[in-house]
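Asks: Mind looking over this structure? Questions follow.
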Amino acid sequence: MTTEQVMSLNGETSDKDTFDCSHPIPPGSAQYFEYLQSRGVTHFKVPLSWAQLLPSGLRSQPQQAVVNCYQTLMKQLHEVGLEPLVILHRSTVPDSLRSRYGGWESKELVEMFQQYAEFVFVEFGDLAKTWVTLSSLDELEEAELQNALNAHASVYRRYHQLFPERGDAQDYDSDRAAAVMADRTWLETGSNWLRITPFGFRKLLEFIKDEYGNPPIYVTENGVSEKGAVDLNDVPRQYYYENYINQGLKARVLDGADLRGYTAWSLMDNFEWAEGYAERFGLFFVNRSDPNLPRIPKVSASHYTSIIKCNGFKDPALGPHECLTPDDGGTPPTTPEVKPTDPPAAEITTTPTVTPPENPEVTPTPGDRLARVAFLGRQLSADDAEVSLYVLFSLSWSRIFPDGTPSSLNQKGVDYYNKLINSLIANKITPMVTLYHWDLPQALQNLGGWENENMINFFNDYCDFCFATFGDRVKLWMTINQPHSIAWLGYGLGQIPPNVKNPGTTPYIVAHNLIRAHAKAYHTYDDKYRTSQGGLVSIALNADWIEPKDANALRDVESADRTLQFQLGWFAHPIFKNGDYPDVMKWQVGNKSELQDLSGSRLPSFTEEEKNYIKGTADMFCINHYTTKVVTFAVGSTAVISHPTFRGIAFMYDRTWLESGSTWLQITPFGFRKILNFIKEEYGNPPVYVTENGISEKGAVDLNDDHRIYFYENYINAGLKAVVTDGVNVERFTVQSLMDGFEGNQGYNQRFGLHSVNFENPDRPRTPKQSAYFYSQVIQQNGFGVYKGDVSTGVKMPLPRRLPALPPSEVPSKSKVVWETFSHQSSFQRQSYHYGTFPEDFSWGVSSSAYQIEGGWNADGKGPSVWDTYTQTPGNTLADATGDVACDSYNRLDEDIYMLRALRVKSYRFSLSWSRIFPDGTRSSLNQKGVDYYNKLINSLIANKITPMVTLYHWDLPQALQTLGGWENENMINIFNDYCDFCFATFGDRVKLWMTINQPHSIAWLGYGLGQIPPNVKNPGTTPYIVAHNLIRAHAKAYHTYDDKYRTSQGGLVSIALNADWVEPKDVNVLREVVAADRALQFQLGWFAHPIFKNGDYPDAMKWQVGNKSDLQDLSESRLQESDSPATAIQNQRAVAWGLRRLLNWIKEEYGNPQIYVTENGVATTTEITVDDTDRVFFYKTYADEALKAQNLDGVNVKGYMATSLMDSFEWKSGYNFGFGLHHVDFNDPKRPRTVKYSGLFYSQVMKDNGFPLPDDEKTLYGEFPKDFYWSTASASYQIEGSWRAHGKGLSIWDKFAHTPLRVGNSDNGDIACDSYNKVDEDVEVLKKLKVSHYRFSVSWPRVLPDGTNKYINEDGLNYYHRLLDALKAANIKPQITLYHWDLPLELQKVGGWENETIVQRFRDYAEVLFSRLGDKVKFWITLNEPYIVANLGYGYGTFAPGVVNKQYNAAHNLIKAHAEAWHLYNEKYRATQSGVISITINSDWAEPRNPYKQEDVDAARRYLQFFIGWFAHPIFRGDYPEIMKTTIRERSLAAGLAKSRLPEFTPEEIARINGTHDYFGLNHYTTVLAYPYDLGNRQDYEGDRGTRQTSDRTWIGSGSFWLKITPFGFRRLLKFIKEEYGNPSVYVTENGISERGVVDLNDVFRVHYYETYINQGLKARLLDGVDLKAYTAWSLMDNFEWAAGFAEQFGLFFVNRSDPNLPRSPKNSALRYASIIKCNGFPDPALGPHECLIPDDGASDSSRIHVCISKECMVPKTAWV
């Protein structure tokens, strides 16, 4: 360092060599540091600011920005080669700390400095090697200096403990090279080095036992110290001895440690070495101020005496023991602690709270993601647990009544809460509802809020509605949450909304109104609802416990009582005592008011009538409690009119109490017990519901929240003591909260949850913290007793009939009938979804395997397996991954049970680790700890009503056995049998489902043939057959062992888990291909199944093939590779769900329909996908349904289904590169946190439903449309007319586009199309067959106005439309004319088309020609068809004519204005004389969120709709573009540097002219999409603006168009959306239909299904939802030119044979069905008998021509149609 820098070390710092982190780092700092380094500087002084780093002085509350600043500074120094020289502190004590702790003369400050130093070392220790503890010591006086030097010495020692490797020290600490620190949650003592950790005592005793051969142990010292003032009631020491000695008892009784003696340190307070007499360990106090040094017993002495006298701990359940009676016969000196060794004597129901927040952008449970709440709740308690599980949540007043009054009722808000309540009840969780939790409607606050007396009636109206609406299911109500907080924080201090700051008067007025509002609501319930609903009503009060600073000072004691009365009594006294405020409160406020010369008391008075009305208005005492405060008497200023002034007290905190993430919350469980006792004594021991209790954390998320576990263990135990020992009537306990959420002013900075919510992740994943597992155990045990569970030995398994021996399979086998049955299915038949449920005894489960999840590869005596050896050799697995830790399930069993319980599985398939039980594979090496682990797992499963399904061998062969040859060695048969025998004997009393071996095919072929998995033997010609032979015989021997020795007593089932792909012939019509497929199945499945399930021998196909080819490698297989099926994360593997059904049927046919358990089924996803695994949801949705089809429809005896797997795990050679789990596991976190995925929630619901019951959306509604309902079908001019140059017709943009190469599929065009220009009579004839009342068609603009202008009108063109209109009139069919259906005159496009604003007038002129010339024959006009397609596909994507790119917004702007002008023209000039209606037809998909549990997907679906239907409907029906479009496009345009938005703006005049230009809502709808967000960066176009992508559900049936899936439910939802979004206009559906491709089948079953289901959804929308649906139009009348697809896609009800020059129209079956629906005007109920409308006109019953809906099931796709 330079001389100047050395000199500055002890002097004042200059601006250049120090840095102040209260400001940002200067931008040129890096260059300055480089300059210093270049001048030879080696170090840079960094003085830290104690006050800035820890403003409160507490380590748990750092100022993170300052921490980050110093870290950045030090990193910059390192980057240029400078070493930081860090000064912890100068000598002057910061004022903020001096005011709390004093100066250096205070030992408390010394302790705070030591804590500060440790914080600094932890945060910056890796960034600095050179430290100065204190500088400028010359400023200190002698006493201060000595303390400062002591602090320096202590910090010096602590530094070298933390960093023993630093320096040249050659001592014990540096040799040990281990840093030692204490957990902040451990209770402190009078010694810095000593924390109260009784669990460690037991662990140390067990260590001594295991490490040193279990010698006799005499504990020769054990005790705890205190400092400061002497308190003979030394509660910490009592707690210490009771818990440490109890741990010693556990070590002896439970662990077998040979503990023979215990010595308490020490007998009396004495000289404690370097600490002198400052620290005291004694059971007796020695009074050193008395020359006689008397020995005075502390309470701990008598407590220790009672333990000695009892020789341990007597069970209180057996009654008071004589050893607890003092020698003088009096009462025991202390109350025995109720700790984990004591069973609870009373039930405490347990309740997690969740308040569903209302802002969807910040909520962990928004919108429809309610299933997550139920899922998290289920994790905490089994469905049939003896304790009751409650969820406490509040209703949003403004969500139900937006302005606070019933007149503003919001039905969607009501629907949300109905769904939440129903979901909770369905999951056996009782809803506990708070009516008002601080979120007052703003409209009511504008009227004065709770200061306004009218609020009492407003609140009562709201409560009345909620009682009436939800009270049939809600039985526990709280009117108001924490009225004290509302009154004082909201209207006094102004710290929370409504932020009124008037502490003197307003809080009392507000409280007065709150109490009266509560009472009125209570009486409303009592008078109107209690008799019928039977619920309970109360109010949730909050209170801290208050301790006097000096319990011997009367004024402090009185202050404590007064504080409680001002906080709790303020509200509790009127309600629970006498209807009035506490006397002390009335006196105090009145007296202070008088002293302040006020005219009367600031505290309002209740009338006698009000007192009687208020008194007793609670059915239980609901208390929110968190912490304790210390108070002392204080004389308040009479000049200040405020609530605290009136109380006359001052608050303080005991610094020894453990802190939390909130400055106001210290951990004080004793206060919880005391406040419960206070309630009992003060209010007559009412039923107490603890409605909030919890603790927060701040800073980085730590799932290992030991402080919360400590909090709940001690608070709940204190509550238990209050119940058991004190007789308090506590009936409910509520944890705050279920998950991290929005915490008021603190936002997301403080977290109270049992589950962590990642608010940075759009999926908002919920991950259990360790406290959730702990609390779950408390619930299971109903306190702290040892959970006994139900006495159960596992499920009783019905023994299946023993299948008779079957003859060998033929070649090919008779099972080829499966291909004959299923391979000819149409795509519709294959895709059709089957709704139904499995039998009640169906076994749903999940699976795992030992090596993949357990970890603990060498823990507690486990031996190595072949997979341990393999993975620990570099290069064998991806990224050299191993299963050494895996999911750490060996150490995290409770977490696995937690997941299984929430999923609601009936069974759990797992494997035993052979080498964990027998480390060398043989019985002689038995490892009892391995056996203990599996016993614990099995017992936990049974306690939670989960059937264990155990695989004995899942590939992890003990390495010692592989050394002997593994499965090539015939001796393995006996060795395996001995292992199985042991497992049957040990676990079989509880395990009733056994699998001997998992996937023997993989072991034989991959392990001993290809050598791709351990033991990596590469000998495909011979070894696989030897291995398979031994595996089959080993299985058989184990089976017989069970059969002979155990089946009679245990009653279980034994089998083997085989694996097989389905194999589909390349061509099912070629016998050779069928034989190849059958042979492939015999080689994979039959290899093992044929000997076991048929005749004890291999299949003939296999014996012949191997005998002839002698080499498995020459086997030729025809493997299914269907390109249409979805790909998976594994290369060359596709999800082909229908193959499962066929495989199950093949097993049925081949093996005599045995019981089948699908023991593994799942799909891999990449590691990039964490919890939002939509593909896995689709996988299970389709595969499980194929199993259901096999069971329901085909008679396959499917008994169970196991999803693979429970959680992401080690995936063999792929390591952790893929995940199969229903839960995500973070393998980068040593704690391996598990988070449920979307698939876990979905699969849980499938199991709950026992399959896929028919949803309401799919059920048929029987009924009729109105008599005046319009039935129509449609076409468009360019698609059907042809005659593209005939009789003066001008060219259109589609004429040019279709004649441009590569624009239209197959180079098709509309030159002839369907030749409708020449076939008016034929078209009208087919319309008559349909029985439609209307026909929608469009006019060709260039046929009437060849150049697009009205300069020349083509009369020949007009005459065509006159002929058509006359023919329709003659047939009694009314026309619906579309003015523009995309065929713009080419001449207009040459001047810009729809981009050019002049087209608005051109369109108006064109419309006037049609109105004037055709209007007397037409009463129904459509201005534009699907302007979205015109703008976006024609002028945006360029895939439709005219092929323009990225001009969609301008085109749309002009389309909307053109429509408006045409509407106004008709309205002003023609409506009066022609009496028609006119509007626009807008097209839209319906959009659902891809993941309904994800708010971002919900938002994407809404955005998709607004950018689609809203783009055009909003301006016409509401006046302007949707706000989200305007805002998004403007912001993105400006961000890209544009001067204005790319979306044009309407002027106010244009808005007024466009708004309301509709007589009805014309709707074209076809399909539904699943939307999700997608960020295209700065891409300046429609897709970038919309920011969404879309996909489809794999279960949705496809069509001839890639974009069109059959989704009838979306039709109804879209209609309902239009009703709600646009004021319930009359809706005319002007297009709806489905396409096909390829060879035409006139029996178009899928189209029949489409029309039946879609039209029925329209009926539901009208009859059930109140949509004003007035018309339905089928698209299309006939197969025609389908734009860019040419003639490849056919939508028609009539087939047009294009191979015939006459283009004849032939009816498809859908035409007949549509005609019958029209004739019936809906769907007659078959229960009323055959309806005449279903009888064909010729009187014949011709079921071959028409599919008639005659049963409730006919609306469901039929999967049995073959």
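Any Cβ shown, glycine's included, is placed from N, Cα and C.
Pulled from TrEMBL, these are the listed features:
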ACT_SITE  GLU221  active site, nucleophile
REGION    323-367  region 'Disordered'
COMPBIAS  344-353  compositional bias 'Low complexity'
ACT_SITE  GLU692  active site, nucleophile
ACT_SITE  GLU1160  active site, nucleophile
ACT_SITE  GLU1631  active site, nucleophile
Asks: Give me the count of other Cβ atoms within 10 A of the Cβ belonging to GLU1160 (active site, nucleophile).
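Replies: By my count, 19.
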Asks: Over all shown protein chains, what is the count of other CB atoms within 10 A of the CB belonging to GLU221 (active site, nucleophile)?
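Replies: Taking all protein chains shown, GLU221 (active site, nucleophile) has 10 Cβ neighbours within 10 Å.
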Asks: Using C-alpha atoms only, work out the spacing between GLU1160 (active site, nucleophile) and GLU221 (active site, nucleophile) and round it to an integer in Å.
Replies: 56
Asks: Fill in the CA-CA distance, GLU221 (active site, nucleophile) to GLU1631 (active site, nucleophile), as an integer in Å.
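Replies: Cα-Cα distance, GLU221 (active site, nucleophile) to GLU1631 (active site, nucleophile): 89 Å.
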Asks: Long-range same-chain neighbours of GLU1631 (active site, nucleophile), Cβ under 8 Å, sequence gap at least 6?
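Replies: ALA1274, THR1481, ASN1483, ASN1564, HIS1565, TYR1566, THR1673, TRP1675, SER1676 - these are the non-local Cβ neighbours of GLU1631 (active site, nucleophile), listed in sequence order.
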Asks: Provide the number of Cβ atoms within 10 Å of the Cβ of GLU692 (active site, nucleophile), excluding the reference atom itself.
Replies: 22
